[in-house]
Amino acid sequence: MSTTPSPSPAPPDSSEADGARAGLLAGAGAYLLWGVLPLYFLLLEPAGPLEIVSVRVVFALLFCLALLAVARGWRRLGRVLADRRTMLLMLLAAALIFVNWLVYVIAATTGHVVEASLGYFINPIVTVLLGVAVLRERLRATQWVAVAVAVAAVLVLAVGYGSVPWLSLALAGSFGLYGLVKKAVGPRVDAVSGLTVETLWLTPLALAIVAVIASSGRLTLWSEGPAHF
């Protein structure tokens, strides 16, 4: 009697594997660049954190506009600008990322680099907990064990640090909430359009901060030579 052969398992989708690999490389590159930024910030002395972040916002907007021009992404940006709900969510995202950038620069320029590193170690825990509490995502038992181990590691590091790591908590909280807002925005906003809108929202505040710093004679952007600029 002949038997029907069981179907062989479908081969893994190469596009999914490529996407996962690209995401892993992008994440590793982002954290590598973010990790060496404190060395760059030290070169910007005597600029203060508010000046560094505000100038960064303005130049980031100009850079994004240039990218949109090259990639012909104006239509995508226009769709985002026309969506009131998306724009309000992007305003909230902009406020959160401004806080995150500012706290990170404060930590990097005031000798609290370890506390900044701890903040990004805590961040995945915050992201997971927000996913469970807000998005109603379910974790398997092994995933809860992994979260518990990570929390225990954070507690050990915090106790060893000797005080409450407020900068770490601010970094983890602001970036975790930022990720939650961007999750609500969804894939309808691409990366370049998203950063463009965020910096567009922040630019009036950034220009006001730069103006206040300049009026007090403490602006270093033009006074420390072309290399500083």
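Glycine residues also receive a Cβ, built from the backbone N, Cα and C atoms like all the rest.
The transmembrane segment annotation in TrEMBL covers 22-43 (among others). Residues 52, 104-105, 108-109, 113, 116-117, 120 of the same chain, all 6+ positions outside the transmembrane segment (22-43), place their C-beta atoms under 8 angstroms from a C-beta of that stretch.
For the domain 'EamA' (22-157), the mean pLDDT of the prediction comes to 91. What TrEMBL lists as domain 'EamA' is 22-157.
Here the transmembrane segment (55-74) has long-range neighbours at 47, 98, 101, 190, 192-193, 195-196, 199-200, 202-203, 205-207, 210, 221, meaning same-chain residues at least 6 beyond its ends whose C-beta is under 8 angstroms from one of its own. Per TrEMBL, transmembrane segment is recorded for 55-74 (among others).
According to TrEMBL, the transmembrane segment annotation covers 86-106 (among others).
Per TrEMBL, the feature transmembrane segment maps to 118-135 (among others). Non-local neighbours of the transmembrane segment (118-135) in the same chain are 31, 34, 103-104, 107, 147, 150-151, 153-154, 157-158, 161, 165, 167-173, 175-177, 179-180, 183; each lies 6+ residues outside the stretch with a CB under 8 Å from one of its CB atoms.
Look at TrEMBL and you will find 147-180 (among others) tagged as transmembrane segment. Outside the transmembrane segment (147-180), and at least 6 residues removed from its termini, the chain residues within Cβ reach (under 8 Å) are 93, 96-97, 99-100, 103-104, 106-107, 112, 114-116, 118-130, 134-135, 139.
According to TrEMBL, the feature transmembrane segment maps to 200-221 (among others).
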- For the transmembrane segment (86-106), the distant same-chain contacts (Cβ-Cβ under 8 Å, at least six residues beyond its ends) come to 37, 41, 49-50, 52-53, 56-57, 80, 112, 116, 119, 167, 170-171, 174-175, 177-178, 181-182, 184-185, 188-189, 194, 197-199, 201-202, 205
- Note on the structure: In the same chain, residues at least 6 away from the ends of the transmembrane segment (200-221) whose Cβ sits under 8 Å of its Cβ atoms read 44, 46-48, 50-51, 53-55, 57-58, 61, 90-91, 94-95, 98, 228-229
- Query: How many of the residues that make up the domain 'EamA' (22-157) does DSSP mark as helix, as strand and as coil?
  - Reply: 118 helix, 0 strand, 18 coil
